[in-house]
Each structure stands twice: as C-alpha cells, then as structure tokens.
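In what follows, a single structure is set out as structure tokens and then discussed.
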Amino acid sequence: MNVFISVVLFLGSARAASKTGDDEWVHLPNKCEVCKFVSIEMKSAFDETGKTKEVIDTNYRFLDDKGAPPIKYVKSDIRFIEVTENVCSRIMQYNLHKERDGSNRFAKGMSETFSTLHNLVNKGVKVVMDIPYELWNETSAEVADLKKQCDVMVEQYEDVIEDWYKGSQEEDLTTYLCEKHVLKGQDTGCLKETWAGKKGDMAAIAEDKKKKKGKKKKGKDGEDGQKKEKKVKKKKKKSKISDSESSKRRMEAAGFTSDEEEIQKKVPLNQPKTEL
C-alpha cells in the first residue's frame, strides 16, 4: 500500500514575487556579481579554446591588414570574437541556489532545495507548491537578469577585454576587468566569495563525480596504452622468431646448415689416415 505524504511548500515564484515587489524572494545580481561570473566564464572559454594548434589563413583574419602571414588561432581576432559573443550564453547553465548567500547563490548544477523536492517526488511523496512541477527547471528571474546584464557589460567593456587579450595576459582577468575597470572605486567583496560546499550538497556532489570520472578516464587511457605497448612488443618478438625460422629453412633447402651437431655428423673429426 502506497502512502502519499502531502508536503505543502509555500515558495513564491520569481515572476509572482517580482510583480508584488517582494524583495524577500527575488535578489537580482548586482554589478560585482555580474562581473565576477562574466570573468569566470570568459577565462574558462579562453582556456578551452587555447589548447588548439590550428593556424588560420590570412583571408579569414579580416580585422588585420591583408597579405599578412598565417597566424595561430590562439592569437587571432576570430578567437576573441567567438569567446565574447558566446560567453553570456554560458551564464544560462547556472541555477539559483537560494540556500546559499551572496554571489554563491549562482552556481551550476541543481540547487539543494530542488534536488530534495525531486527526490521526494521520485519516492512518491506529493509535493504541493504554487510553482507548477513543469516550471521547476525553468530559468529563474535572477539568472535571466544575470545573462541580460552580462550582454550589456561585455559590449560596454569590449575594448578593455580586448586590451587584456592582446596584451601579455599575465594579470588575472577578474582583477584586470572587475577590480581595475568595472568596479573601480566600488565594492569588490563578492569577488573574494567562494563556496567550499557542504555535506549533502547535490551540486558539490555532482562536481566531485565529474572530477573522479575524469581521473578514472585518465587512468584507463594509461592502462590501455600499456596494454597496446605490450602487444606490440609480443608481435615484434614473434616476427623475429618467424624470420629466424624461415631463414633456417631456406639454408637447409640449399644444403647448408647452421646446426653444430649436423656439421659434426657430416664431417667427422676422426678420419682414417691416408698415405701418400
């Protein structure tokens, strides 16, 4: 017999809260938080696109003078444009974690609150909310606003980001963009906020699983490489043996032998003396 427990949770939706002006539920991101995640995602995008050794033909380097020699993709204007145009779409991968404070409320992965609610539903518990179940995984008002502000900030500070990109890039992008330009003379406290995670945090658990999976894959690749190396060595050894055997057969067919015992049989050492 299935027992259904009714869990009534009065969580106002972001849309309803914004209409009523209820600041208790909706905390839109401030300038510091926007710059923090813009710089984080931009650094991540540059890291991902900086591993290639691809060379670009000068015909596609339309921002530079014509006739210049081919350039590396990692130094190209194309890479810069691709990163700046797509960086804000990466913000949509974030979710709102209401159980966290400050800028830490924005993070990838499902929030602890909604992970708990999904688990209850999967166990047959009836969860009653004023947000329909179909909208549980919809983008929150806060994340949507984060993306909107990201678009404006990237466009406004494109020249600053380009100066960093075309420079030595020795200085951290968050420091260069946020502390020295976007938030110059303003509060930069959110830039130092970090989330260590806590026991049972589903987002932290998911991140740990990804890291472990990556390590296992690395180890497996190493083992596969060792196995392949052993197989190659065995094949080489077999080929050497087969080569020596085939050469021996060819010599025997021609009437020659390299076997010491056969030589002793064919040419005995103790032959009878002959007189001249």
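Just so you know, glycine gets a Cβ as well, placed from its N, Cα and C.
On a predicted model such as this, the values are computed, not experimentally measured, just so you know.
For Cys88, the partner cysteine in a disulfide bond according to Swiss-Prot, taken from Cys150, Cys178, Cys190, is Cys150. Between the stretches 33-58, 137-162, 163-188, Swiss-Prot puts its coiled coil entry on 137-162. Around Cys35 (disulfide bond), the same-chain residues at least 6 positions away in sequence with a Cβ under 8 Å from its Cβ are Met153, Thr174, Leu177, Cys178, Val182, Leu183, Leu191. Nonlocal intrachain contacts for the coiled coil (137-162), taken as residues 6+ away from its ends with a CB within less than 8 angstroms of a stretch CB, comprise 14-15, 17-18, 26-29, 31, 33-35, 37-38, 42, 80, 84, 87-89, 91-92, 94-96, 105-106, 114, 173, 176-177, 181-182. Close to Cys150 (disulfide bond) in the fold, though at least 6 residues off in sequence, lie Val34, Phe37, Val38, Val87, Cys88, Ile91, each with a CB less than 8 Å from its CB.
For the coiled coil (137-162), the predicted model reports an average pLDDT of 94.
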